[in-house]
């Protein structure tokens, strides 16, 4: 087992089939990378970032009203349970791979180890671009949601105020810039900032739950909360309406791969990063269920508060009618704080992904995007490249009435397909060659991976479908257009240029150093590393220089 603090790491020699190295720097070097970032993050910090990306307050509140009209309370409550179960399965699949390959590049570097050699470049390329698109568009959705909520707070204070989409877009740009500045600061502040986010989310969520349930009069019955169905989509199929209502839940429970992208800044990443993934999904699933349950128990008039609501998002109207003006302001401040923390966490995770992708030359302007600022220890150019792209995607909000749903769909689809590729490879061509890490699924690996692949393909296809009928140019789901456009550009870039020089990850070292794998005898006595160095008191451990690369 692992004991992780600032002084030592302890490994069980028979816990994993992954070759052991004396330091985490040597583990990273085995992938062809130099340790350029400082390992300042603990398991809690890593989990906090992933939990912030799965922010239930940021994900559930903006789209709650749309989901209620797409399936009623039954889609909110039981849809959340359904999505949580399948998403945790996806998390298990990714955590197993992450444990074996704890590298900041995450998904696309995993693919380089899992894919057949002749397909490594193109599969890494597609995985990386899907992963980047999902993480970066998530910044857009989080910060647009915050801009919407801020506008609703102003509208509560001043009923004559009309925050049109142009004002909301302006607020969105200001929030983006602030997130860019925060994530350009020294890396030591990231851990503190994201742990603060964790406490804010947990304490704030349960404060809303307790106060809302205590003060709201005329609560609906439990039967209504658990069984009420509504279909205001225009589609005749109730089943289709229910499935459309799942978008809110699936969107919220995404972005947890940010834990993997922080691997090179996390101590004992082979264990801490998988824990970060699973803890984030589990905590978000439980907290989200309780939160959604409490909000639905506060609905007093479905037609007036949701279908005909004068304040957007509709959850604000429910709070205002239930707990009054002062508590509604408190609730919205808590929610906006959570959205702000979520946007910052997404900016952090996506910037690390861009940095890792760029250091392999896989993005335009890679020379700049792969630079680590010496004073802040952060990839500043990567941060601002994502901020600019997120701002451009946000322009869709101005031209289309259902743009927010489209942006959410892009995030969900791109992230899901990036998850699908390494899981599918692990299940098929890499079944025999995969060398598991400290965390693994044992005999349940294949069945969990199969179910995960099915769920990802199903939801990805679903979220490309229209959400309203009749379908018009104004309400069309443009997710497919944007996703296909970005992927066509990336494939075109690969075909006409990158295929000539991009051969996959592992190019940040001109020459791999001579590594020193550690071999063990058959005893169960653990190996101790003090301050990252091998304990020389163990006589049964030797360095095998003959097999070093």
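Note: Cβ is positioned from N, Cα and C throughout, glycine not excepted.
Annotated features, as they stand in TrEMBL:
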| type | residues | note |
| --- | --- | --- |
| COMPBIAS | 535-549 | compositional bias 'Basic and acidic residues' |
| REGION | 524-549 | region 'Disordered' |
| TRANSMEM | 44-65 | transmembrane segment |
| TRANSMEM | 77-110 | transmembrane segment |
| TRANSMEM | 122-146 | transmembrane segment |
| TRANSMEM | 166-186 | transmembrane segment |
| TRANSMEM | 198-217 | transmembrane segment |
| TRANSMEM | 277-295 | transmembrane segment |
| TRANSMEM | 329-358 | transmembrane segment |
| TRANSMEM | 379-398 | transmembrane segment |
| TRANSMEM | 404-425 | transmembrane segment |
| TRANSMEM | 446-464 | transmembrane segment |
| TRANSMEM | 476-496 | transmembrane segment |
Chain residues outside the transmembrane segment (277-295) and at least six past its termini with a C-beta under 8 angstroms from it: 47, 50-51, 53-57, 60, 64, 76-77, 80-81, 84, 87-88, 91-92, 94-95, 98, 201-202, 205-206, 208-209, 212-213, 225, 249, 252-253, 256-257, 259-260, 315, 318
Spatial neighbours of the transmembrane segment (77-110) far in sequence, C-beta under 8 Å, 6+ residues away: 16, 18, 27-28, 31, 33, 37, 67, 71, 124-125, 127-128, 131, 225-226, 242, 245-246, 248-250, 253-254, 256-257, 259-266, 269-271, 273-275, 277-278, 280-282, 285, 288-289, 292-293, 296, 352-353, 355-357, 360, 362, 418-419, 421-423, 426, 434-441, 445, 448-449, 451-452, 455-456, 505-506
Selected stretch (most C-beta pairs under 8 A with the transmembrane segment (476-496)) from 44-65, 166-186, 446-464: 446-464
Chain residues in Cβ proximity to the transmembrane segment (198-217) (below 8 Å; excluding those fewer than six residues from its ends, i.e. six or more beyond): 44, 47-48, 51-52, 55-57, 287, 290-291, 294-295, 297-298, 300, 319, 322-324, 327, 330-331, 334-335, 337-338, 341
Selection from 166-186, 329-358, 404-425, 446-464, the stretch that has most Cβ pairs under 8 A to the transmembrane segment (44-65): 329-358
Region pair the transmembrane segment (329-358) / the transmembrane segment (122-146), three or more CB pairs under 8 Å: yes
Interface-richest range of 122-146, 166-186, 379-398 toward the transmembrane segment (404-425), CB pairs under 8 Å: 122-146
Feature contact check the transmembrane segment (446-464) with the transmembrane segment (379-398), CB under 8 Å, 3 or more pairs: no
Tertiary contacts of the transmembrane segment (166-186) (same chain, 6+ residues out, Cβ under 8 Å): 139, 143-144, 146-148, 150-151, 193, 340, 343-344, 347-348, 351, 373, 375-378, 380, 383-384, 387, 390-391, 394-395, 397-398
